[in-house]
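Participant: Got a structure for you, written out below as structure tokens; questions coming shortly.
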Amino acid sequence: MKKGTRTSRLTVFIVTVVAIFAMIGIFAQDVAKNTTLGLDLQGGFEIVYQISPLQEGKDLPAMSAVAESVSKRINVLGVSEPQILIEGNDRIRVQLAGVKDQEEARRVISSTANLTFRDVNDNLLSDASIIKEGGASLGYENGAPVVSLKIADQAKFSEITQKVSEMGTGNNIMIVWLDYEEGDSYVKEAAVAQAGGEAKYISAAQVKSAISGDCVISGGFTEGEARELAELINSGSLPVKMTEIYSNVVSADYGIGAFNKTATAGIVGVALVMVFMLVVYRFAGLIADIMLALYIFAVFAIYGGMGGVFTLPGIAALVLGVGMTVDANIITMERIKDELYAGRSVQNAVKEGQSTSFSTIFDAQFTTLLAALIMYIFGTGAVKGFATMLMVTVFCTMVLNVYVSRFLINQIVKSGFLNDKKTWFGVKQSNIPDVSKRQEQFYFGPFKKIDFVGKAKYFITASLIILAAAVVMICVNGFGGKGALNLGIDFSSGTKITVASNEVLNTNEVRSDFEALGYKPSRVQASGDKVVYVTLNQALEQDQLTSIKETLTQKYGIEPNDNVVTPVVGRELVKNAISLSLLAWVAMLIYITIRFKWDYAVSCIVALIHDVAIVLAIFAIFRMEINIELISVILAIIGYSINNSIVVFDRVRESVAESRKPKLVSEDYKAIVNDSLDKTLVRSVFSSITTLLPIIALLLMGSGAIVTFNFAMFVGLIAGTFSSIFIAPQMWYYIRTHVKPKEKKKKKAKKEKLDELTIPGIND
């Protein structure tokens, strides 16, 4: 190669790398500012409302109109970037991060704000339509705050005030109601007010003559109350009844603490992955680390630009994506190493490795995308947020690690700089044949002599023992009255309160605190030294929660979090969990059947069922709580397990296509499976390590709020790797040797792979 061309390619490589880090450095602060933290990371609360008509028999208005009305009410609170999500045909989920006065927020959101003018006999004189749009404002009368109203139909207002003035002394009173309900009475409420209580109406004014102009509402308001009432009136009435069926409250101190722990654990996990890649793959590992840094920046930029809210499950998905994005590099690098061990030059090895790995990467990422799409379309709340982050992860992985990464490697490779530096790709020089001496390939991987098919029965037996132990535990606990599984309130309904303190907490003392308040906890569990989770079987009302939280805050100094799930939501979560899993399995079955064949698909589904069963079995054996986070984990495991199995089956498919025998027999299939596992086992192990490192960091250093998620991911990742080696390939081998599908006439040997898009200068 000409010296000028070599220098120019090296220059392009250096300039590109510098540009990447310069971009990250310049825009990192802006990206950080554009990052919105969820309520679990900065405090706040989440409520799901069941929407029903104010009057029975009436039709519901469009949910978009209801959501808009709710949005106007939230604006009254001054909350920045609220999340208002329509779920189904009759539910709205409201997420408000950073709210300090939760009681005020609840009252403002659920208020119908139906302003009416009535006489002492509770007869309707007029509704809010008599007021100009946006005509309510804060005013002062004799130095006291009032609500000033600009009257739109002054003739009508004059008429009704004239009517009231003629009702005689003691009865010439016009009462202003907010959210008047059937059965409300001025006489009763006036008696309450006279006794020193708070009346439901907001104002009762004597009318001596007709009022032809604007008016004011006075009622002993503070300035804040008058301003809030004016804004509430301006937001318009909400023509529906909103019933709270789910709530989750996170204190600001707890949220910030969770964020700091999770962020620190994430940084440590990513750093460990970078060190691992650099040690194992050397120069190629350096490229992977550059892509990993760019990946994290890109995910934050894209997700933040979409208006996404970063939550604990979302960050967990981001960390899971670290393993996925590194895996794309590992697949390519292992293919390149295979070519180098076959004696090819660096340029040919890189070209062939990149080409043959594209199909595997595409299939693996696409199946993960399928799981994410199903979660997004059919999931709710945290599951939907997890799915969105997973989709962004897949997009960034495909773009950055397939094209940008290859562009950088190709610049160096085509410069000729690495022609005599094969060890920079993580291979041993002693295992590379000397082609100048016509030496043939003699190294086929560290596991070439292992009979995976023959030894599979021992590993399958181990899985069966775990599953059998789980069945025994489920039966014992079920008949013993404890419940077959330890279902959290997400599935069983109830209330979960998180008690936190700056001092070490004692679970027995916390239990006694609740018993002293008249509640019997069904479960009291410590998370570290300073956090205790208390579960109650009943879904508490808001006044009950307020009383408990005030007592605990006074004693421990930190406001507790609370999560309330009604029975109707619990039943639906169980149904949705099963539906999501089945939909994901069906989607995988269809896709793999199309891309491979039915026997590959069935083998993958068996492996998936195994992985999910193992996770549930471990949770059953150790009586760990099963909650909504586990649904995200199961769906993530489905994507990860399929990812691993596809990598193995891609090799199996190649070997079957390349076989020169007219008809394959049992020993041939056994050899194909063993050879494929030998070639992919290193990748499977390394990929699992790079995914497990961040998860382990999150388990040891992260927030206790997602310990269930992280532990389930830890178990699921190990199970997924295990099944891709000892379950899926052996199942395929069994089908091929026992079912004996009708074989088509054998075609000329050819690698079956997805054609890669060729871009000049990147992968040409």
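Any Cβ shown, glycine's included, is placed from N, Cα and C.
Annotation source TrEMBL lists domain 'Protein translocase subunit SecDF P1' at 65-122. According to TrEMBL, the domain 'SecDF P1 head subdomain' annotation covers 132-240. Feature annotation from TrEMBL assigns domain 'Protein export membrane protein SecD/SecF C-terminal' to 243-411, 560-736. The transmembrane segment annotation in TrEMBL covers 263-281, 286-304, 310-331, 361-379, 385-404, 458-479, 577-594, 601-622, 628-649, 685-707, 713-735.
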Participant: With pairs closer than 6 in sequence left out, are the transmembrane segment (458-479) and the transmembrane segment (310-331) joined by 3 or more CB pairs under 8 Å?
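Facilitator: Counting Cβ pairs under 8 Å (6 or more apart in sequence), the transmembrane segment (310-331) does not reach the transmembrane segment (458-479), since there are fewer than 3.
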Participant: Give the nonlocal contacts of the transmembrane segment (263-281) in its own chain as ranges (CB under 8 Å, at least six residues past its ends).
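Facilitator: The answer is 288-289, 292, 296, 315, 318-319, 322-323, 326, 329-330, 333, 425-426, 686, 689-690, 693-698, 700-702.
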Participant: Could you tell me what the rest of the chain brings near the transmembrane segment (577-594), counting residues at least six beyond its ends with Cβ under 8 Å?
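Facilitator: Distant Cβ neighbours of the transmembrane segment (577-594) are 366-367, 370-371, 374-375, 378-379, 383, 491, 600-602, 604-605, 608-609, 612, 630-631, 634-635, 638, 642, 646.
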Participant: At a threshold of under 8 Å on Cβ distances, which of 286-304, 628-649, 713-735 pairs most often with the transmembrane segment (361-379)?
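Facilitator: Answer, by Cβ pair count: 628-649.
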Participant: Are there residues at least 6 beyond the ends of the transmembrane segment (628-649) whose Cβ is under 8 Å from a Cβ of it, and what are they?
Facilitator: 313, 316-317, 320, 324, 327, 331, 360, 363-365, 367-368, 370-372, 374-375, 379, 381-383, 386-387, 390, 488, 490-491, 573, 576-577, 580-581, 584-585, 588, 592, 596, 600, 603-604, 607-608, 611-612, 615, 619, 676-677, 680, 683-684, 687, 691, 706, 708-709, 712-713, 716-717, 719-721, 723-725, 728-729, 732
Participant: Excluding the flanking five residues on each side, which residues at least 6 beyond the ends of the transmembrane segment (286-304) place their CB within less than 8 Å of a CB in that stretch?
Facilitator: 17, 20-21, 23-24, 27-28, 31-32, 34-36, 270, 273-274, 277-278, 310, 314, 318, 321-322, 325-326, 329-330, 333, 388-389, 392-393, 395-397, 400-401, 404-405, 408-409
Participant: Counting only residues 6 or more past its boundaries, what in the same chain has a CB within less than 8 Å of a CB in the transmembrane segment (713-735)?
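Facilitator: Hits for the transmembrane segment (713-735): 316, 320, 452-453, 456, 459-460, 463, 599-600, 602-604, 606-608, 610-611, 614-615, 618, 633-634, 636-637, 640-641, 643-645, 647-649, 652, 669-670, 673, 676-677, 681, 684-685, 687-688, 691-692, 695-696, 699, 741.
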Participant: Could you tell me how many residues in the domain 'Protein translocase subunit SecDF P1' (65-122) are helical, how many are strand and how many are coil under DSSP?
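Facilitator: Helix/strand/coil tally for the domain 'Protein translocase subunit SecDF P1' (65-122): 22 helix, 16 strand, 20 coil.
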Participant: What mean pLDDT score does the domain 'SecDF P1 head subdomain' (132-240) have in the model?
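Facilitator: Here the mean pLDDT over the domain 'SecDF P1 head subdomain' (132-240) amounts to 82.
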